[in-house]
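Asker: Okay, so TrEMBL annotates it like this:
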- 433-694: domain 'G-protein coupled receptors family 3 profile' (DOMAIN)
- 433-455: transmembrane segment (TRANSMEM)
- 471-491: transmembrane segment (TRANSMEM)
- 503-527: transmembrane segment (TRANSMEM)
- 548-570: transmembrane segment (TRANSMEM)
- 590-612: transmembrane segment (TRANSMEM)
- 624-644: transmembrane segment (TRANSMEM)
- 656-680: transmembrane segment (TRANSMEM)
């Protein structure tokens with residue numbers, strides 16, 4: 001597309017070569033003809049008319065700013081800035097033609113030595129675009145400007161109109177976004193302030209005489225004497241000429257910043273029409289050296305000077321004929337003229353142009369220094385990228401270096417640009433994960449109950465009576481409590497569930513391990529003694545076994561009671577990960593002491609069971625206890641890193657899974673082999689089978 005544009009169009013340009021070239025677009029002409037394309041031949045460039053002296057001053061201000069930067073040793077040292085300035089004709093088609101021409105020029109002039117920071121897409125910096133539509137960074141992420149948005153101007157105009165008591169006004173605009181968005185914002189704010197819009201007129205791009213006359217008729221017959229206008233001066237010329245011809249007076253004009261300081265207001269023909277016009281303008285400043293630069297401009301037959309030659313002919317009302325006897329000498333004195341070009345006492349838009357060029361220069365300076373530093377250190381160039389804010393933080397300003405933390409009970413949205421009401425999160429009974437865990441818990445309880453019934457039914461048989469059946473039933477009860485305690489972890493945390501969950505878990509498992517420890521000791525004493533009825537086993541009878549269970553369980557009970565009385569866990573809203581409802585443990589050491597004591601009992605039990613692994617193998621309970629303890633240890637060793645690294649409700653799910661897995665391991669390893677013999681091989685459920693003598 002760009003190659004086609006290059007061959008079809010050769011837009012005039014004011015240019016100067018440089019290491020880095022800045023493109024510029026200015027509405028040097030404010031009238032562009034509507035061309036009818038036949039699509040049978042190459043389209044021609046859109047002819048423009050209506051030379052704007054003020055826009056030419058903006059154009060030359062850009063050239064002045066570039067020259068001033070090149071003369072500064074502190075800004076972009078060793079780098080020469082250039083420019084390529086084109087005429088947009090205040091028209092979309094002409095602007096696109098100029099843009100494609102500029103893009104093609106930049107692509108063809110770029111070489112391998114171009115710094116990597118400058119190799120991306122061009123970034124627009126506007127000096128005059130105030131449209132509120134450009135505020136949307138999702139649509140225009142790289143758009144920058146040195147001029148405030150119309151939101152501020154609209155607010156000021158509404159306050160001005162309402163302060164003066166004008167509640168019945170008309171509006172005039174054009175078909176471009178600047179006008180449409182400006183009128184829309186004004187009408188909305190004005191309506192909220194109690195005002196009413198009597199009418200709205202839209203000036204077409206190329207209005208016909210009939211359309212202009214219709215608009216003039218509306219202005220004459222309307223009862224609204226105040227008219228707010230969002231448009232550029234060139235777009236208003238035809239309408240103002242018609243109103244002036246009709247000698248219309250008595251209209252109070254309220255002007256947008258695009259034309260409130262334009263030279264149009266100074267035309268003698270418009271004095272009676274436009275006198276008393278009100279509006280807001282940008283602050284006027286004095287740029288040192290600008291006037292001297294502007295007055296030092298002279299025409300030339302050299303390529304690239306066409307815009308200056310046009311200005312010269314417009315300014316002095318003559319024709320430059322460099323190859324013939326000149327009508328204009330080219331040496332006329334600009335200081336003797338008076339126009340919007342030479343009036344630089346308080347420039348406004350020109351200052352925005354000046355700031356835009358210097359903003360680009362400073363950005364280039366930082367980028368090039370950064371690029372050089374990266375090359376010198378052997379690192380990639382540090383062109384800047386935006387990093388997303390952390391969860392729970394937002395940043396709604398482009399270029400911001402800090403993130404803002406969302407208030408309590410709020411969370412950042414997916415784009416991290418606004419805070420939204422947080423959704424409270426906890427492991428509930430209704431979600432899939434909760435349902436699965438509840439079903440596993442109920443399965444464990446049912447299996448434990450079934451085994452308990454079997455053991456009670458066959459309580460008089462040797463396999464149940466062996467090794468103290470009372471301890472077996474206590475072990476089954478503790479396993480049932482281990483399964484049931486996992487239910488306390490599911491659901492919305494409350495004061496009672498937070499206090500009960502860890503205590504119930506800790507005490508249940510200690511009772512379970514104490515029973516296993518007693519059973520292991522009994523097995524060792526029974527099979528290690530030379531005579532089964534020796535004094536060693538008698539010294540460790542049922543009373544001593546109960547005492548041992550009580551003594552090993554009491555420390556855990558004391559720890560849990562002290563923990564709950566001194567620093568009990570309580571429910572909180574944790575904003576670190578979404579808005580998680582969880583139990584806060586003010587004394588984390590209590591949980592780790594609880595786990596450590598369980599681990600100590602499991603280790604002693606595993607050690608003793610391992611010592612009895614070579615006992616007679618017809619029914620060796622020590623081997624089953626050893627295997628169950630290995631499963632227990634494997635589960636809880638994996639639990640600790642998984643628990644610490646899991647966020648929010650998943651840490652609760654990890655703990656429940658560890659409880660259930662270890663409980664199932666103990667239940668299946670200890671009791672399923674016994675049930676297998678009781679139900680399927682009753683012939684082995686005799687005393688000889690218990691001592692390994694049955695064959």
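Cβ from N, Cα, C; glycine included.
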Asker: Sort out the residues at least 6 away from either end of the transmembrane segment (548-570), same chain, that have Cβ-Cβ distances under 8 Å to it, and list them.
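Answerer: Contacts with the transmembrane segment (548-570): 471, 474, 495, 498-499, 501-503, 506-507, 510-511, 513-515, 517-518, 521, 583-587, 590, 593-594, 597-598, 601.
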Asker: Which sequence positions outside the transmembrane segment (503-527), separated from its termini by at least 6 residues, show Cβ-Cβ distances below 8 Å to it?
Answerer: 467-468, 471-472, 474-475, 478-479, 481-482, 485-486, 488, 536-537, 540, 545, 548-549, 552-553, 556-557, 559-560, 563-564, 594-595, 597-598, 601-602, 604-605, 608-609, 611-612, 615-616, 621-622, 625, 628-629, 655, 659, 662, 666, 670
Asker: Taking a Cβ cut-off under 8 Å, which residues six or more beyond the ends of the transmembrane segment (433-455) line up next to it in the same chain?
Answerer: 427, 464, 469, 472-473, 476-477, 479-480, 483-484, 486-487, 490, 653, 656-657, 660, 663-664, 667, 671-672, 674-675, 678-679
Asker: Hey, which bits of the same chain come close to the transmembrane segment (590-612), Cβ under 8 Å, at least six residues off its ends?
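Answerer: Apart from its flanks, the transmembrane segment (590-612) reaches 502, 505-506, 509-510, 513-514, 516-517, 520-521, 523-524, 527-528, 552, 555-556, 559-560, 563, 567, 620, 622-623, 625-626, 629-630, 632-633, 636.
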Asker: Mean pLDDT for the domain 'G-protein coupled receptors family 3 profile' (433-694), as a whole number?
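Answerer: That region's mean pLDDT is 83.
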